[in-house]
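Enquirer: According to Swiss-Prot:
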- 15-68: domain 'F-box' (DOMAIN)
- 89-111: repeat 'LRR 1' (REPEAT)
- 165-190: repeat 'LRR 2' (REPEAT)
- 215-239: repeat 'LRR 3' (REPEAT)
- 247-270: repeat 'LRR 4' (REPEAT)
- 282-307: repeat 'LRR 5' (REPEAT)
- 331-358: repeat 'LRR 6' (REPEAT)
- 355-406: domain 'FBD' (DOMAIN)
Amino acid sequence: MEQGESLRIRVVMGKDRISELPDALLIKILSFLPTKIVVATSVFSKQWRPLWKLVPNLEFDSEDYDDKEQYTFSEIVCKSFLSHKAPVLESFRLEFESEKVDPVDIGLWVGIAFSRHLRELVLVAADTGTGTAFKFPSSLCTCNTLETLRLVLLILVDISSPVVMKSLRTLHLELVSYKDESSIRNLLSGCPILEELLVIRGEDSDIEVFTIDEVPSLKRLTINDDHDGQEFWGYVINAPSLKYLLIEDLRCPGFCLNAPELMEANIFDGTSITNDNFLGYLTSVKRLLLNLSPWKITYPTGSIFYQLVSLEMYTREIDWWDLLTLMLEHSPKLQVLKLTDNCVKFHKNGLPGGKWNEPKYVPECLLSHLETFVWRRFDWGREEEKEIATYILKNARRLNKATFSTNPVNSEELDKLKERRKVHNELDGVVRASNSCQFVFKFDTSYHVSDSS
């Protein structure tokens, strides 16, 4: 058999196998692709030709289309909507340059998508340097089927009256701007079952206070805000059902929170918060992660973490142990303590700072509850940190396991190896309050050898 004939047979066989797939499976596969590629598959065969019209997702990015196309980007999107036949539109994603797309067209497309019982809407307005923002008005905020809404980049949220989004559960506001504070309030108040809110803000501030209120169903809140200008005060949050709080960056001075049902809080950076009661807002949590400076955070008098069972703290900040001592003294039921040194090429030995002082009384959590102690990337050269580790081992009566990890060391660095072996032996030799405590030492492979200290 000639090579060409063999190839033709293999192609035909391959084509036959594809044809045997049920339409439902083909549509499922196509739903993971951008619409431009999905439409292109219609040339494969007669079976594929109508399938793209039934794919429940539409995704357009203006960068995928150039000026050499037969039709403009807006015309292509319009034609796609006119040809599309899926009874339910699961998602509509549109990435565009605001100055190249008529806002009227966007409103038309969103309106058509809403009429198809749209469940997820993603609008990404690329910033090309012109500063022209796409205005997201109240007229685009009436949809009873929408479950997820993401607004990204150069979009102006201008909402003069409460929206109607009875099914919206997830809302992401990523680097968008706001006409005024009432636009935020009108957006949130019209989402009666909203469960997840993500707010990302940049350096430009257009409002003084970001208020999250009238959202009794909110369960998850994420804030990432690196704006530190004087004109922006901060956040006022009233979320009676909030369970999870994540703050990735927060440089504003003000922060007020009412979240009596909060179960977990991860605070990665709140270095500019000056509210003396910041930690007091978190006393209901069971799991807490803190990466804060003890110099800038005041522990609120009388605040007790009665529910806290798991605490993770980062140890980069100067005198971080002062905050640790306070947390141990005020967390009587703590069961898990994790300390993490997130320094890579940053050495703490030369930092100023005071000595660590033992608590006047052994904290109740050490006497009765602490079971797991983990110290990731333990600093072998800092006496204060060895003292803290020794103190916990000596006083944690119910400790089951103590794990110390360190970043790897080159075999040529004999001095470091000797020092770590010495400290390892010292810690392993500590007379522990718990006879059943297992001592574990291991290397943390997530750090590169070149970054070891």
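Every residue gets a Cβ built from N, Cα and C, even glycine.
Predicted, not measured: the structure shown is a model, and the values here were computed from it.
So that I understand the layout, could you describe where these features sit and how close they are to other parts?
Expert: DSSP places the residues of the repeat 'LRR 1' (89-111) in helix, strand and coil in these numbers: 12 helix, 7 strand, 4 coil.
Distant neighbours of the repeat 'LRR 2' (165-190): 119, 133, 136, 138, 141-159, 196-202, 204, 206-215; these residues of the same chain sit at least 6 beyond its ends, with a Cβ under 8 Å from one of its Cβ atoms.
Sequence-distant contacts of the repeat 'LRR 3' (215-239) (same chain, at least 6 residues past either end, Cβ-Cβ under 8 Å): 188-189, 191-205, 207-209, 245-259, 272-273.
Packing against the repeat 'LRR 4' (247-270) from elsewhere in the chain are residues 209, 222-228, 232-241, 278, 281-282, 284-292, 297: each is 6 or more residues past its ends and has a CB under 8 Å from a CB in it.
For the repeat 'LRR 5' (282-307), the model's average pLDDT works out to 82.
Taking DSSP states H, G and I as helix and E and B as strand, the domain 'FBD' (355-406) has 18 helix, 11 strand, 23 coil.
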Enquirer: Treating G and I as helix alongside H, and B as strand alongside E, what does DSSP give for the repeat 'LRR 4' (247-270) in helix, strand and coil?
Expert: 0 helix, 13 strand, 11 coil
